[in-house]
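Shown next, in structure tokens, is the structure this report addresses.
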């Protein structure tokens, strides 16, 4: 048994489920970068689409069961914390999916195996494969097992993110809301790098970088927040 076959076996052991359709499992674990150029390789992108919907269903029904009196807005906020690609990537690592992935040599070289975006997508594809091969109960069992820590994180006190802090600050100053603009987007699709510029009236502009647009916006907002102890609006440069 080679290293990857051992990793796939370990993945199934951790999940507690052995696939009947081995081709389906292989497709769920195959990144779009795989292919020799001579023929199409069935990869996991279509499965991601289905897996995202199954994941949202499992998370939504669990949230409703945990708090029957929760308002829709609060559940939507909690749902967003449970189904983003960072949460999916953490679940993928807990399951041992990282080493079981099929990646091209070039994708492996640039670190795709450690990419939250790649791992998150693969996790959604795996959920879809579990749903197809074993039904909703099998997919739900995976979710409950590997999202347990994510539910624990919901109870942790959370500091406001930089974008929220910046918005509250400018509103308190009576200024227009900050504006964000993508300055550049570089790198391959599985490992992009964004640069975003934020502007606040009277305080100029600041830039931030990140692996996603949202991360870059937060970085830019954090840089702008450092100007709060600077000159008042309209006095910049005086």
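Cβ atoms are placed via backbone N, Cα and C, with glycine included.
On a predicted model such as this, the values are computed, not experimentally measured, just so you know.
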* Asked: Say Swiss-Prot lists 121, 124 as binding Mg(2+): which of 45, 48, 206 is in the same site, per that record?
  -> 48
* **Residues that sit under 8 angstroms from residue 121 (Mg(2+) binding site) by C-beta distance, when 6+ apart in the chain** => 44, 45, 48, 85, 88
* Structural state of residue 48 (Mg(2+) binding site), classified by DSSP into three states -> helix
* To do: Count the Cβ atoms, other than its own, that fall within 10 Å of the Cβ of residue 48 (Mg(2+) binding site), considering every protein chain shown.
  => 21
